[in-house]
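Annotation comment: Swiss-Prot describes Cys69, Cys72, His89, Cys96 as Zn(2+) binding site, evidence class similarity to another entry. Marked as phosphothreonine by Swiss-Prot: Thr46. Annotated repeat 'BIR' per Swiss-Prot: 30-100, in sequence order, evidence recorded as sequence analysis.
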Amino acid sequence: MSASLISALPPCGNEPPMPDEWRLYRLATRLSTFANWPFTEDCACTPERMAEAGFVHCPSDNSPDVVKCFFCLKELEGWQPEDDPMDEHKKHSPSCLFIALKKKAEELTLSEFLKLDLERTKIKMQKQMNQHIENFQAKANVVRGHLEKLDADETQ
C-alpha cells in the first residue's frame, strides 16, 4: 500500500479517527503538550524542537521540564537552554526507532506504520511488565519480612 496512513484515513472533524496513542505520531499533537514549557526563545530546546525529537511535555510540581518520548518512553529532565533535543534523545536512548526514522510519520505507508507501532507497543508492554514485576518484588519483600519476623518470634 503506497498511501500514507494518515492521509488514507477518512477525516472526522479536524483529525482522522485514530487511537489517542497514534495521534502522538503527529508533530502538532506532541507540540500541543508544550503549552507551559519553560524554554521558548533564544535556546536550543524550544517546544518545536522538543516535539520534533518525539517528546511530549509531562511536567510535575517538582519537575516542570520533564519530557517523555512517546515512542521509547524515555523520560528526561534537567534541561538547559543549550541542550539539543535530538542529540539528548539519541544520547539517552540510541535504539529509539522513532528518532531513526528517515521520513516523517505522515509519509509512512500503512505497513511501515503498523510495523513501527508494533515495536512501540512492545516497548510499552515491556515497561508495564517491568513495573508489575517491581511492584510484586516489593510486596514479596514485605511479606518475607513479616514471615521472618513471625519465625523469629516463634523460635524465641
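Cβ coordinates are placed from backbone N, Cα and C, and glycine is handled just like the others.
All features noted in Swiss-Prot, drawn onto the structure.
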| residue | record | DSSP class |
| --- | --- | --- |
| Thr46 | phosphothreonine | coil |
| Cys69 | Zn(2+) binding site | strand |
| His89 | Zn(2+) binding site | helix |
| Cys96 | Zn(2+) binding site | coil |
Just the number: how many Å between the Cα atoms of Cys96 (Zn(2+) binding site) and the residue listed as 'phosphothreonine'? 21
Additional residues surrounding Zn(2+), by Cβ distance to the Cys69, Cys72, His89, Cys96 centre under 8 Å: Ala53, Gly54, Phe55, Phe71, Leu73, Lys74, His92, Ser93, Phe98, Ile99
Give me the Cα-Cα distance between His89 (Zn(2+) binding site) and Thr46 (phosphothreonine), rounded to a whole Å. 14
Rounded to a whole angstrom, what is the C-alpha distance between Thr46 (phosphothreonine) and Cys72 (Zn(2+) binding site)? 21
Cβ atoms near Cys96 (Zn(2+) binding site) (within 10 Å, other residues, all chains): 21
Across the repeat 'BIR' (30-100), what does the pLDDT come to on average, as a whole number? 94
